[in-house]
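Features as listed in TrEMBL:
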- A:52-109: domain 'Nitrite/Sulfite reductase ferredoxin-like' (DOMAIN)
- A:119-272: domain 'Nitrite/sulphite reductase 4Fe-4S' (DOMAIN)
- A:342-393: domain 'Nitrite/Sulfite reductase ferredoxin-like' (DOMAIN)
- A:403-541: domain 'Nitrite/sulphite reductase 4Fe-4S' (DOMAIN)
Amino acid sequence: MYRYDSYDQSMVDARVEEFRDQVQRRLTGALTEDQFKPLRLMNGLYLQLHAYMLRIAIPYGTLSARQMRKLGEIAQKYDRGYGHFTTRQNLQYNWIKLADAPDILAELATIEMHAIQTSGNCIRNISSDQYAGVSADEVADPRPWAELLRQWSSFHPEFTYLPRKFKIAVIASDEDRAAMRLHDIGLKLVERHGAIGAEVYAGGGMGRTPMVAPLIRDFVPEDEIISYLEACLRVYNRYGRRDNKYKARIKILVHELGVEEYQRQVEEEFAHMRTLGLNPPVEELDRIRAFFAPPAYESDLTQDIDRSDPAFALWVDRQVATHKAAGYAIVNISLKPLSGIPGDASAEQIELVASLAEQYSLDEIRVTHAQNLVLPHVKKADLYAIWQKLDEAGLAEANLDLITDIIACPGLDYCALANARSIPLAQKIAQRFADAERQAELGELKLKISGCINACGHHHAGHIGILGVDRKGVENFQLLLGGSGADDASLGQITGPGFSEDGVIDAIEKVTDIYLAQREGDERFLDTYRRIGMKPFKEAIYG
Amino acid sequence: MKILTGNDLVSGDVIWWAGDGWSRQVGDSIDVGQTGDDLARTEEAALRVVGAYVIDATITDEGVRPAHIKDRIRALGPTVRPDLTLKPNDADAGNWVI
């Protein structure tokens, strides 16, 4: 894992002290709320429905055991004993006191973490593949590039006041586990003629105008990625719609200019950039890359897993993925217990995962955009011991990518922007489909719920998506079908008029019944939908 | 009736104007009539509240009830965590917001 150098540490420490002074001035009245609000947002501190909320950046979703443990301690000491893992691989605390915020940031700084650029119209936390570095299908570990982008984008003076927020994802596999094409810029590392570079996608995103990012350059050499991104951002910064918040994201610019014209302008800027010597020296990328060198895996480990305990075998089949090193496995920890809150983890659960990482996973944890956790380096021989400990802590649900592995934003239970509650709906859907055999029969089915049009719950990218809306003060839910955030990215289509909470659950049941009746071979729900189209589903739902 | 709500500047807690100060209980709210906006400005300047705003509410058998679901959730707490609401021992507390 990357470790801060003296520059990183001094920047973060200085920001903590700056914010401490700003909070003090707010508490004494030297700053009004209008003056203070942009300052607190630059440090990830929102005022939400019930209290202040602090959003912590987890760079490319990677945590050490030490960092994870501290996150649990902060939840216990300053919050109400839990945290919420988000769809951008971050962590949010829901009950923060303003006076405590600087102390929390100071504690985070001791573990090389912060909340900088987790809000505002800047480049946000870089997201990546939770299997980075351990997946057999990647052409390179994407984390060194993600870290390079973190350093480049942190306090970037030209891109601190962009027209709107800006999200970047980096992957390095054909299988997209990071919803890369639904980011403002998505980078896919590829190998061409023996050289590593990036396919660059720009103008994707969800929100009120969802778009799948088009490819704007099929290869940027690895040592020119920074220059190329500078060019992409410059064009956006210059021409993005600052006059209209709802049209200010890069996706609107790319759409309005057209892909070819945006490409042309970026190439023109890129040609200029190349003359400025902006790319970091190769030595710097090498320095960063060294932090992500593969660990010393043990050899001659057993490949066998004792599957005599049926509950354990079920969990292995669902939650354990193939690791690139023989004798090792990737463990997915579900944060979707059947009556739980998607993405929430108690301080005790956070501590447990930290301990498991320390003992069994070479000190590493990953956070996924689907609001689950990953232990990336587990010996197969240790799987049973890990499962037993997870089971005791309520973390052994075997539902990865099944209908109960629901992505849900905090919704109206916590969020000041929301129009409807996402979490209770997720819980009721999970209860309706709780039967393990039924879930297995339905197979991969990604269900995603957002409590408002901002789409933090990725409803556009759900095989089944749900959008909560406010209909004259009453919660109402629109149903979407056919979305995907994976390498077959697509946007869901609305079925028709919305439903009550109970009504949308009934509608989902009808939709799954149609799928089971119509599927061919080993088609997933999404495959069947794409083959037969919306009509049969619509007829079943609305009659 | 019109009632005034906001968040405590220091703790962030949801608070309701009770006539002689702020309360954590929506039931303590008083009708502020047309004085809400002035009160909000005064109280914000005194650093006792942040983001104060006036909402519609009604008096029911159960007390003061904000007109909009968002404010009813603010008044109660998250419906999915009864233990963190103002009625932690009432398993049906969440139904109050609907």
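A Cβ is built for glycine as well, from the same backbone N, Cα and C atoms used for every other residue.
When DSSP labels each residue, the domain 'Nitrite/Sulfite reductase ferredoxin-like' (A:342-393) comes out as 27 helix, 14 strand, 11 coil, counted as helix, strand and coil in that order. Residue counts for the domain 'Nitrite/sulphite reductase 4Fe-4S' (A:403-541) under DSSP, helix first, then strand, then coil, are 56 helix, 27 strand, 56 coil. Mapped onto DSSP helix, strand and coil, the domain 'Nitrite/Sulfite reductase ferredoxin-like' (A:52-109) counts 29 helix, 19 strand, 10 coil.
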